[in-house]
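Asker: Taken from Swiss-Prot, the feature active site, nucleophile covers His97. The active site, proton donor annotation in Swiss-Prot covers Asp379 and is backed by similarity to another entry. Among the features that Swiss-Prot reports, N-linked glycosylation site is placed at Asn194, Asn305, Asn354, with the record citing sequence analysis. Under the heading topological domain 'Cytoplasmic', Swiss-Prot lists 1-6, citing sequence analysis as support. Feature annotation from Swiss-Prot assigns topological domain 'Lumenal' to 28-480; the stated evidence is sequence analysis. Taken from Swiss-Prot, the feature transmembrane segment applies to 7-27.
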Amino acid sequence: MLYRNRFLVLLALAGLLAFLSLSLQFFHLIPVSTTKNGGSSKSRKRIMPDPVTEPPTVDPVYEALLYCNIPSVAEHSMEGHAPHHYKLVSVHVFIRHGDRYPLYAIPKTKRPEIDCTLVASRKPYHPKLEAFVGHMLKGSGASFESPLGSLPLYPNHPLCEMGELTQTGVVQHLQNGQLLRDIYLRKHKLLPNNWSSDQLYLETTGKSRTLQSGLALLYGFLPEFDWKKVYFKHQPSALFCSGSCYCPLRNQYLEKEQRRQYLLRLKNSDLERTYGEMAKIVDIPTKQLRAANPIDSMLCHFCHNVSFPCSRSGCLGMEHFKVIKTHQIEDERERHEKLLYFGYSLLGAHPILNQTVNRMQRAALGWRDELFTLYSAHDVTLSPILSALGLLEARFPRFAARLVFELWQDRQKPSEHSVRILYNGADVTFHTSFCHDFHKHSPKPMCPLENLVRFVKRDMFVALDGSSTNYYDACHGEGA
């Protein structure tokens, strides 16, 4: 018996040591055997970098991995967190579409072979993927605002079409929807079980990738939803400016911002040399390569762990990718410093922020319609909103990025309402320009709705030039 007990103790110790060894290897605290070129000793054709913690300096590969937003374990999020005496009243969600096939092809190279059919046996996978496809097949008679009715409800091409949503993109938004369901429906009961169509507001641009992303999130949020209760409105503008899109001053800011981008590119000799090398490899003029926006296609290769394209003269490589990605990061940094993009953002984001504030005010008055709002959009939609809110440290919108506005009511003081702003699950409320110092001089744990209302109705115009008091005057004034 004594020997048996000793054996069991030794066996337990051996198991513990094995677990510690694997854990240390996973967190890169002890070395793993590598080949001469630094790769894993296992033979692999393609290597996907896997940083565990954020590097101390800006790393283009790490930033690119964050941008890919590859589905993995359930993420930690702060949506739905509030003191117990607060009641959730309404939620307004802005998303960027999920992972997509490139919008541009690099001339004289083979397109990346990405399958855009939805297959349960292929990674990334989601438990609701097959059910999602089955439900989409039942939606052929869905009534959406024109021209959305002519778009496919899910991606289904063996070789993706340009700009098409991939299986990764669908899974990203199924995850988003399920996360929001767990928080807002199961925990906070935002919608009743017999919810009605007027309690949802759904809007998307006319691209299949945004409609399909919206449907994937909606299915994760409301599995097996009734098609008769779902109506997507079409938004012609990526800024979601509806009837307020004409804004001359906004266009002036954009032109000057594009000029700034051009001048920064000219100053980057590393970037120009890299474009020259890449153009020589694919045997086209440098100007033609630059116009093809090669980083768009290379990001698809990178996110899907597919080798970069080659020609008879060689291959585009990771060093080329790093140089272009590093320039993108530098461009974002300078963009925030020069403030031209900030002026563009204030005017570009005002219509959609004004709509959101109006909905929140109605909900605060007790209206029970449009309790859950979803805008399925693009990076060029979310980026101006983030900038206008003063979230200068926010990363550029990744695939399937989500920006959430929550409206809360204080049960102890029912006339008082508060807002929370969350970006990819992080609470950024007290980083916004309208609430960044509120907690310094107030004991209240939440940011008052009035702060956001005042910001949208007045302070956004003050930040532009101080003389305008409404959107029309600001758009037709002088300032850029």
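Cβ from N, Cα, C; glycine included.
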Asker: Quick one: which of these recorded positions, His97, Asn194, Asn305, Asn354, have their CA within 10 A of Asp379 (active site, proton donor)?
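Answerer: Qualifying among His97, Asn194, Asn305, Asn354: His97.
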Asker: Which residue among the glycosylation sites Asn194, Asn305 has the fewest other Cβ atoms within 10 Å of its Cβ, if you could check?
Answerer: Asn194
Asker: Tell me, how many other CB atoms lie within 10 A of the CB of the residue listed as 'active site, proton donor', whichever protein chain they belong to?
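Answerer: Looking across every protein chain shown, the total is 16.
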Asker: If I restrict to non-local contacts, at least six residues apart, and a C-beta distance under 8 angstroms, what lies near His97 (active site, nucleophile) in its own chain?
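Answerer: Result: Leu165, Gly169, Lys207, Arg209, Thr210, Gln212, Ser213, Ser376, Ala377, His378, Phe399, Ala400.
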Asker: Can you check how the pLDDT averages out over the topological domain 'Lumenal' (28-480)?
Answerer: 92
Asker: May I ask for the distance between Asn194 (N-linked glycosylation site) and Asn354 (N-linked glycosylation site), taken between their Cα atoms and rounded to an integer number of Å?
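Answerer: Asn194 (N-linked glycosylation site) to Asn354 (N-linked glycosylation site), Cα-Cα distance: 29 Å.
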Asker: According to DSSP, collapsed to three classes, what secondary structure does the residue listed as 'active site, nucleophile' have?
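Answerer: The three-state answer is coil.
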Asker: Taking DSSP as the reference, which of helix, strand or coil describes Asn305 (N-linked glycosylation site)?
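Answerer: DSSP call for Asn305 (N-linked glycosylation site): coil, neither helix nor strand.
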Asker: Taking the Cβ of Asn354 (N-linked glycosylation site) as centre, how many other Cβ atoms lie within 10 Å?
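Answerer: Looking across every protein chain shown, the total is 18.
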Asker: Whole-number Å only: compute the distance from the Cα of Asn305 (N-linked glycosylation site) to the Cα of Asn354 (N-linked glycosylation site).
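Answerer: Asn354 (N-linked glycosylation site) has its Cα 41 Å from the Cα of Asn305 (N-linked glycosylation site).
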Asker: Helix, strand or coil at the residue listed as 'active site, proton donor', per DSSP?
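Answerer: Note: the residue listed as 'active site, proton donor' is helical by DSSP.
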Asker: By the DSSP assignment reduced to helix, strand and coil, which category contains Asn194 (N-linked glycosylation site)?
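Answerer: Assignment for Asn194 (N-linked glycosylation site) reads coil.
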